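Comments concern the structure below.
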Amino acid sequence: MSKRPSISFSEFEVPQKGVAVVLVAKGGGFADEAAKAVGGAEKIARIADISGFTGALGKTAEAIETTPAGVEKIVLVGVGEPGKLGNDDWLKIGGAAFSQIGNAERVTLTLALPETTIAGDEAADVALGMVLRSYKFDRYKTRKSEENGEPKHAAKITICVADTHSARKTFEVAEAVADGVIQARNLVNEPANILGPVEFAEEAEKLEKLGVKVEVLGEKELKKLGMGALLGVAQGSVRPPRLVVMEWHGAKGKEKPIAFVGKGVVFDTGGISIKPAANMEDMKGDMGGAAAVTGLMRALAGRKAKVNAIGVIGLVENMPDGNAQRPGDIVTSMSGQTIEVINTDAEGRLVLADALHYTNDRFKPRFIINLATLTGAVMVALGQYHAGLFSNDDELADQLYDAGQSTGEKLWRLPLGTEYDKMIDSKFADMKNSAGRYGGSITAAQFLKRFVGETPWAHLDVAGTAMGSPANEYNQSWASGFGVRLLDRLVRDQFES
């Protein structure tokens, strides 16, 4: 696995050994502190000139070059136009810097720009970007680390910045969020033969060490609760289902909780409506929503969030054996509503139907947000740079959108409406689980909406962003951990004033 760097903050100093990293603005501008760090402004100019480096955001240039103080390598990191930096740009800068440090044991990053003051929270974002970029899932590779291109040791990184106190304090929070993102990535990257519903639940139970109350419901409890929709999906697999309830109580008094629900199909063959063989291996990631909820609960507990939060994940495997549910079957959900199964590959919404109703009925939350790798249709509509956002509450939708813009985990709102709702009406039951080809992500959301009553609710379709999304400066992993930073920001901005 990846070797996570050790990061500290310091006032400006001249690096004594290892790698010196400095920032360069678009057009070649850099601060006096950067020039001092590398032994002279002419070195920065020469490296930039030889490399054709312009200072564009996220671009880098490097040179094996010594300084009088003992530095062996100099790295330039472009920041673009300093006055326009925002959202996740500082994470990109940190990730780009980390990508160039190689096997260095000591790294000094000088965070200074001409006529610009870099705040402590921006420095913390740079550090977070470095931690997230350091992630690598290779636990099943048996080659030696040097053959696999992995650093021999964890780097010790010193970030020099004007406001060290604020940077340290903010990074303490950011590290807890990084822990949550990394947990989500690990869960999604794990192969399905290793991580089934039982094993996933065991991973969630480890959050008890952080003060999270964890309850795991097995098949008997689910039957007693009447979760026919979830159990219908699970009946084709020899691996028993689980429903995991995670509670974090960080607010004073008996404040109503906020709730997050995740789809956790640990492997999705499609069931009897079986998927094509090509790329089916990616369906180990069909629990990306549950992974994000688990990672979020870890982040909230790790930073001692002052909020009461509930995380509920439905864990099943969708397999096509002789006991699997069939197209045409009718199941009764926990809510009492009946569902005709048109397509067994539209299984995630069945799992969520019972998980959403259970969460709403038991906890009476202020709102519910569910995450699910639910439809390929949302990828057709939005590609892999935005997750789909559906909501019955404009205020909640706006808050989520803003959190997405702030973190770079972007959302785009798609419609709901009675016309779409009619498309899931069934001739034989209260509703059907698939309405056909058109508006697939919308009709899936309409289906979920029937299980939340009047509670403010949002559905995030993360099929295009939780796994296999394009790599960026701070994520080179197949699993992105999408949703953890987004929802943590929502909680901080809106519910921890």
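Along the chain as shown, the residues are counted starting at 1.
Yeah, the Cβs are placed from backbone N, Cα and C, and that goes for glycine too.
When Swiss-Prot records K263, D268, E347 as binding Mn(2+) 2, the matching candidate from D286, D321, D329 it lists for that site is D286.
Looking at K263 (Mn(2+) 2 binding site) and R349 (active site), their Cα atoms lie 8 Å from each other. Least crowded of the recorded positions (K263, K275, R349), judged by neighbouring Cβ atoms within 10 Å of its own Cβ: K275. For the pair formed by D286 (Mn(2+) 2 binding site) and D345 (Mn(2+) 1 binding site), distance between Cα atoms is given as 12 Å, rounded to the nearest Å. Recorded residues D345 (Mn(2+) 1 binding site) and K275 (active site) have their alpha carbons 8 Å apart, per Cα-Cα distance. Sequence-distant neighbours of D268 (Mn(2+) 2 binding site) (same chain, 6+ residues apart, CB-CB distance under 8 A): K275, M283, D286, E317, N318, D345, E347, G348. Secondary structure at D345 (Mn(2+) 1 binding site), as computed by DSSP, is coil.
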